[in-house]
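*Asks:* Handing you this structure, nothing more for now.
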Amino acid sequence: MKIAVLPGDGIGPEIVTEAVKVLNALDEKFELEQAPVGGAGYEARGHPLPDATLKLAKEADAILFGAVGDWKYDSLERALRPEQAILGLRKHLELFANFRPAICYPQLVDASPLKPELVAGLDILIVRELNGDIYFGQPRGVRAAPDGPFAGEREGFDTMRYSEPEVRRIAHVAFQAAQKRAKKLLSVDKSNVLETSQFWRDIMIDVSKEYADVELSHMYVDNAAMQLAKAPKQFDVIVTGNMFGDILSDEASMLTGSIGMLPSASLDKNNKGLYEPSHGSAPDIAGKGIANPLATILSAAMLLRYSLNRAEQADRIERAVKTVLEQGYRTGDIATPGCKQVGTAAMGDAVVAAL
């Protein structure tokens, strides 16, 4: 089994190193091949997603991704900025389903900004569609307004759109995920205002006829954002579009105490996927050895489970992470009084020892 390892920028190389360390500690050995991406790709090959990196990603059975982005690239034209690498990978590999778990570990309840009784036992899965919506809809741009009260003035515009096949395929993925959990699925939209959202809701209802064992409900995105902060444990699996999912998954991540704990998976129709931590590249702490590698290590566990069908090995890694937390090890972002505060490499070593 071949894994493409794309560390990226900022803290990416540090946290990916620890995930690779954990993978190498397993009984089964994998072929790991590394390539530059993001700002590192631009520096090495003049593009955030070099041809050789894309070729490796296509040939691999799965991709372990760090993070991309750095302020020093903000002056580049948009097509050359590091963030275009992840968008390009999603497009070329046809990764359309993003899984973002939000789990509050018992040992980290006090790290959450919410009261312990609100988050104890929290276990949410957000399924986000990745390829459509306003992020990719055309036309888009800046122009002179053709009409309206400010006709002739400059305006920016984007297009929110979804095709029926796009909505149906993410619906099936979400319903199947719900079948494996509590058999509850919440679809989040803004159908009281947006035609695209009403279209989304209608298709969700239609697809639900194929999943009689799953209870489908609906919620407007503004209410969902409020309810995530007010009573998050009412949710199990949430399915939503690209933009709403982007926002809600970041909100849900903070309920757990630290975004540094949360993995994610982006899958194609055959479960080949790209696995990355939910957090960004954090260039302000890059090279300091203090970043939390657990989200990346847990992303490696998701990689084993979903793309390589190695559920037992994935379980081992997840149990090891829980053991490390029970032993009191903490990086700075999840540190609490009386804990054993450690750096990036020491946390990786602790997980390997727990294996």
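Start at 1 and count along the chain as shown; that gives each residue its number.
Cβ coordinates are placed from backbone N, Cα and C, and glycine is handled just like the others.
Sharing the feature lines straight out of Swiss-Prot:
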type	residues	note
BINDING	Arg90, Arg100, Arg128, Asp222	substrate binding site
SITE	Tyr135	site 'Important for catalysis'
SITE	Lys190	site 'Important for catalysis'
BINDING	Asp222, Asp246, Asp250	Mg(2+) binding site
BINDING	Gly280, Ser281, Ala282, Pro283, Asp284, Ile285, Ala286, Gly287, Lys288, Gly289, Ile290, Ala291, Asn292	NAD(+) binding site
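Mind mapping these onto the model and telling me what they sit next to?
*Replies:* Packing around Arg100 (substrate binding site) is summarised by its Cβ count: 23 other Cβ atoms lie within 10 angstroms of its Cβ, all protein chains included.
Every protein chain shown contributes to the tally, and the Cβ of Tyr135 (site 'Important for catalysis') ends up with 16 other Cβ atoms within 10 Å.
Mapped onto three states, the DSSP output places Lys190 (site 'Important for catalysis') in coil. For Lys190 (site 'Important for catalysis'), the same-chain residues lying six or more positions away in sequence with a CB closer than 8 A to its CB are Ser197, Tyr220, Val221, Asp222, Phe244.
In this view, Asp222 (substrate binding site) is surrounded by 13 other Cβ atoms within 10 Å of its Cβ, with every protein chain counted.
For Ile290 (NAD(+) binding site), the number of other Cβ atoms no farther than 10 Å from its own Cβ, over all displayed protein chains, is 18.
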*Asks:* Are any of Tyr135, Gly280, Asp284, Ala286, Lys288 (the recorded positions) within 10 Å of Arg100 (substrate binding site) when you go C-alpha to C-alpha, and if so which?
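*Replies:* The recorded positions close to Arg100 (substrate binding site) (Cα within 10 Å) - there are none.
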*Asks:* Which one is closest to Asp284 (NAD(+) binding site) in space, judged by CA to CA distance, out of the recorded positions Arg90, Tyr135, Asp250?
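*Replies:* Of the recorded positions Arg90, Tyr135, Asp250, Asp250 has its Cα closest to that of Asp284 (NAD(+) binding site).
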*Asks:* What whole-number value in Å do you get for the largest C-alpha pair distance within Gly280, Ser281, Ala282, Pro283, Asp284, Ile285, Ala286, Gly287, Lys288, Gly289, Ile290, Ala291, Asn292, the residues recorded as binding NAD(+)?
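*Replies:* Binding-site diameter by Cα atoms for NAD(+): 16 Å.
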*Asks:* For the binding-site residues listed here (Arg90, Arg128, Lys288), which one has the lowest count of neighbouring CB atoms within 10 Å of its own CB?
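*Replies:* Counting other Cβ atoms within 10 Å of each of the binding-site residues Arg90, Arg128, Lys288, the minimum falls on Lys288.
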*Asks:* List the residues of the same chain that sit at least 6 positions away from Ala286 (NAD(+) binding site) in sequence and have their Cβ under 8 Å from its Cβ, in sequence order, or write 'none'.
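*Replies:* Residues satisfying the criterion: Asp9, Gly10, Ile11, Glu14.
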*Asks:* DSSP three-state call for Arg100 (substrate binding site): helix, strand or coil?
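*Replies:* Going by the DSSP assignment, Arg100 (substrate binding site) falls within a strand, counted as strand.
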*Asks:* Check the binding-site residues Asp246, Gly280, Asp284, Asn292 for other C-beta atoms within 10 angstroms of each C-beta and report the one with the most.
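*Replies:* That would be Asn292, with the most Cβ atoms nearby.
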